[in-house]
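J.: Below, the features straight out of Swiss-Prot:
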BINDING   552, 556, 654, 658  Zn(2+) binding site
């Protein structure tokens with residue numbers, strides 16, 4: 001039975017028993033930055049189990065894609081070398097939220113395994129928690145399992161908990177017996193770590209809530225969470241012992257062999273590559289891009305490990321990206337999002353391959369040299385150098401060292417890392433301002449509804465210290481009980497404006513959160529005096545706020561437009577929105593084409609002209625996501641979120657300030673598109689009057705160019721192209737004339753060659769020639785003089801260019817590189833090259849005649 005058939009059969013089995021099929025959630029957990037990746041089927045139901053979310057169903061079934069690489073689940077070094085370690089796997093699971101409990105969970109599992117899949121009863125074992133008599137009774141008296149194949153286990157292996165506190169409960173695990181040909185004892189025995197008895201399904205019965213004291217309290221509605229690895233059950237159904245022998249992996253291993261040129265399908269490197277393409281492709285599909293921290297670094301580690309194993313198989317060219325199509329063939333039908341993202345995924349992988357290829361070979365040479373010393377430990381300094389200079393993740397170096405029976409000095413590596421961090425801190429140009437201590441009430445924000453509000457001063461800070469009052473010209477931070485000022489957040493700059501009281505005027509230059517919920521108004525007291533307890537009128541700069549709103553609303557339209565034009569892989573990676581401009585960073589692995597930029601710009605302007613009402617609404621995070629709201633990648637949101645929608649074109653979670661109608665933005669212009677990091681692009685744009693002024697300035701510059709060309713603006717590009725063609729033609733003619741002139745000069749100059757110990761030596765200048773002509777003349781002299789040493793010089797714009805040549809018969813004693821350095825030093829320069837030809841430059845043209853005159857004596861001394 002194929003893996004795809006098992007997956008489908010599982011979903012249909014539970015759907016027929018009242019379960020709702022829930023699609024796999026992304027590998028990046030929504031609204032939970034504390035969890036690196038989705039690593040189990042229950043992750044997307046976590047809030048349901050905790051009672052913080054309700055679903056319109058009480059039974060669910062899913063096939064969840066999971067990644068375990070990084071943190072406590074980091075088994076990367078084992079992947080490819082054992083039968084069941086993977087970075088990516090699929091978890092089949094059925095769930096009950098306060099509906100059925102132990103009895104049906106066990107009976108469903110037994111029916112599916114023995115009925116739907118036809119696994120012989122005698123091949124299955126079960127374990128229960130030692131104190132779980134209820135589960136044991138169901139197995140023995142309702143399922144009818146042989147008592148010799150039911151094991152009570154008292155360890156934590158059979159008691160599951162989400163954390164130190166919260167929902168928890170006993171487990172019942174189902175094992176498959178691969179037979180006596182495989183070593184290992186039954187679960188709970190001394191030899192249980194062997195591979196004969198393999199866990200295939202874990203049934204978790206959440207029936208308690210553990211409090212802070214550790215005491216267990218029965219849950220009013222017990223729930224069920226189960227998980228069965230698709231790869232493991234496929235191995236059982238296909239009667240193979242290793243997951244890498246199932247149909248899904250066989251096709252990927254064959255593809256890996258094809259693109260690497262490997263003939264041995266049992267090679268562990270092919271298993272590594274086959275495993276890693278699944279993890280990498282799905283991580284990229286779900287918005288992760290290779291980087292140097294967090295999820296991006298885990299992806300980079302997996303990618304580079306796969307690349308290194310290809311290198312180990314002799315493949316020095318990019319190959320890993322070629323496997324994306326093979327993966328789509330195998331898994332695309334079950335996960336259409338992979339099919340949609342195939343081009344983007346392949347592009348990101350290829351870019352990372354090319355990036356790593358620049359340093360891989362040199363890094364391997366350094367590592368091979370270090371490993372060849374015969375030491376049992378690889379020094380931390382070498383590990384750090386490979387990491388810092390050549391981009392080798394530490395576990396990649398450890399992987400290679402382990403193949404030689406060598407361990408790495410992690411303590412030494414950590415010492416080097418700490419020293420680097422200390423150096424970085426010492427050389428930093430800026431230091432973070434010390435946080436202001438504040439223990440009062442939070443600031444109440446009114447800025448969505450008004451730009452002016454009465455408030456009371458709660459705290460004043462001057463030079464980082466709390467004070468009771470401030471006077472004229474004092475720079476300070478003011479904390480108010482209420483404010484219309486927006487504090488910098490989500491990429492939007494803080495508001496500016498003024499605070500007015502009967503005794504003074506405070507100019508607010510910026511607004512920042514000094515801690516959660518507390519707004520600091522930064523600026524200077526322009527006149528008078530202010531003290532804690534004073535009443536003030538807080539007034540936001542209306543023009544700046546309005547222009548900022550134009551730009552912020554435009555970023556939402558831009559984000560949606562980019563996803564339409566470039567694809568759904570585009571996600572926001574950063575933004576800056578202030579009164580003058582907007583800057584938007586997004587995931588995309590190549591520079592945008594000019595037509596794509598225009599498409600995006602036109603799409604945004606079309607939405608502006610539609611004059612959508614900009615609607616804001618407060619709702620739960622889950623409701624917002626269900627309505628299609630875009631959330632920032634990796635951001636943590638509260639229980640209630642603010643949703644900003646512009647028609648059906650853009651819906652995002654956002655706490656910023658916006659226009660009332662999209663038409664208020666007026667006009668949108670993209671002024672720049674660039675790369676800021678691998679896989680991250682940046683767009684800079686203008687809106688409203690600023691966009692209009694930019695456009696008018698461009699038109700004015702075009703008119704000036706057209707006037708200079710004596711052409712109409714619409715004909716300027718064609719006229720300029722003609723002029724450039726003429727210039728290129730004239731440059732060719734000049735080069736031809738220079739070459740002819742050099743030929744004439746060379747005929748007369750060749751007679752100046754001196755003979756030293758049977759060798760012809762010529763050192764002279766050429767006038768009005770470029771470097772290309774200089775080289776051609778050098779070759780001409782060498783061909784005509786046969787056994788010779790030639791040095792030629794020319795002067796252009798007060799700079800000296802030198803070239804030296806030595807015929808092959810003389811390079812054992814006379815090196816062109818040594819000669820050119822000798823001459824170049826005399827004219828204030830330096831150079832280098834091969835033994836037969838070298839080039840240099842200089843800054844002292846007046847010294848050139850004397851330098852060339854010294855060549856014969858140098859030749860004589862070095863013969």
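Cβ atoms here come from the backbone N, Cα and C positions, even for glycine.
How about a rundown of where these features are and what they're close to?
T.: Within 10 Å of the C-beta of residue 658 (Zn(2+) binding site) we count 24 further C-beta atoms, all protein chains included.
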J.: Can you tell me how many other Cβ atoms are located within 10 Å of the Cβ belonging to residue 552 (Zn(2+) binding site)?
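T.: Other Cβ atoms found within 10 Å: 26.
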J.: Test of understanding: give the count of other CB atoms lying within 10 angstroms of the CB of residue 654 (Zn(2+) binding site).
T.: 25
J.: Kindly assign residue 658 (Zn(2+) binding site) to one of the three DSSP-derived states: helix, strand or coil.
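T.: Where residue 658 (Zn(2+) binding site) sits, the three-state DSSP reduction gives coil.
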J.: Under a criterion of Cβ-Cβ distance under 8 Å and sequence separation of at least 6, what residues of the same chain contact residue 556 (Zn(2+) binding site)?
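T.: Residues satisfying the criterion: 644, 646, 650, 652, 654, 658.
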